[in-house]
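Heads up, the thing below is written out as structure tokens.
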Amino acid sequence: MHEIYLIGLGNPGKKYYNSRHNIGFLLLEKLSKKYNSNFLLKDKLKSSCSEFQINNYTFRLFLPNTFMNNSGYAVRAIVDWYKVNLDQIFIIVDDKDLPLGKIRFRRKGSSGGHNGLKSIIEQLQSQNFKRIRIGIGSPPLIKGENNFNTISHVLGNISLEEKLILDKVFKRVIESLEHLNTKKEDHIINELNSFNQD
């Protein structure tokens, strides 16, 4: 039985539930619900966890409860507990440097300034894990200044218009993840990176 570990990044709690920074949580909750699997809190993994099978693959889903900037502690706990090879891990994360609705699947790379990815890299001492980045668009400029209002943007709630776009994105990503056992990874990477929600 093959095992796939999907880790969505976000912040726990109602205050942050529908924020742009919680894209990873929202996508994995949608996937878990599709397979009638509930998330259960596991303190030793510092995460809420869900598990189900698709054909001969076991999908294990995790929502860290460490808050975004400490995501690496949860990922480290998951890797240590399950003795996971890093190539089995997929991190689902928001990206303010991508236009809303764009997807980027990479097998490895730097944090790109994302604190959740930075924490994971620090804890794993490696950049060699897969990540699916979902664009939330650039933050607006602060009126009268040359600075971007990044914190308000990433922690702000997803609007109805954004949700309509992200629903299409989530559907595309979920369909690709479901075919990890039938399609070559290169094909899935090309599918996601060329996705256009229009």
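Keep in mind that glycine also has a Cβ here, set from the backbone N, Cα and C atoms.
According to Swiss-Prot, the protein carries these features:
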| type | residues | note |
| --- | --- | --- |
| ACT_SITE | His21 | active site, proton acceptor |
| BINDING | Tyr16, Phe67, Asn69, Asn115 | tRNA binding site |
| SITE | Asn11 | site 'Discriminates between blocked and unblocked aminoacyl-tRNA' |
| SITE | Asp94 | site 'Stabilizes the basic form of H active site to accept a proton' |
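Taking the features listed in Swiss-Prot, we show where each one sits on the structure.
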{"residue": "Asn11", "record": "site 'Discriminates between blocked and unblocked aminoacyl-tRNA'", "Cβ neighbours (10 Å)": "21"}
{"residue": "Tyr16", "record": "tRNA binding site", "Cβ neighbours (10 Å)": "18"}
{"residue": "His21", "record": "active site, proton acceptor", "Cβ neighbours (10 Å)": "24"}
{"residue": "Phe67", "record": "tRNA binding site", "Cβ neighbours (10 Å)": "18"}
{"residue": "Asn69", "record": "tRNA binding site", "Cβ neighbours (10 Å)": "12"}
{"residue": "Asp94", "record": "site 'Stabilizes the basic form of H active site to accept a proton'", "Cβ neighbours (10 Å)": "27"}
{"residue": "Asn115", "record": "tRNA binding site", "Cβ neighbours (10 Å)": "17"}
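Apart from Tyr16, Phe67, Asn69, Asn115, the residues listed for tRNA, the same chain places the Cβ atoms of Asn11, His21, Thr66, Met68, Asn70, Ser71, Gly116 within 8 Å of the centroid of those Cβ atoms. Annotation note: Phe67 (tRNA binding site) sits in a coil segment as assigned by DSSP. Closest by Cα distance to Asn11 (site 'Discriminates between blocked and unblocked aminoacyl-tRNA'), from the recorded positions His21, Phe67, Asn115, is Phe67. Largest Cα-Cα distance over the residues recorded as binding tRNA, namely Tyr16, Phe67, Asn69, Asn115, equals 16 Å.
For the residue listed as 'active site, proton acceptor', the nearest of the recorded positions by C-alpha distance turns out to be Asp94; the candidates were Phe67, Asn69, Asp94, Asn115. Tyr16 (tRNA binding site) and Asp94 (site 'Stabilizes the basic form of H active site to accept a proton') have their C-alpha atoms 14 Å apart, to the nearest angstrom.
Secondary structure from DSSP puts Asp94 (site 'Stabilizes the basic form of H active site to accept a proton') in a beta strand.
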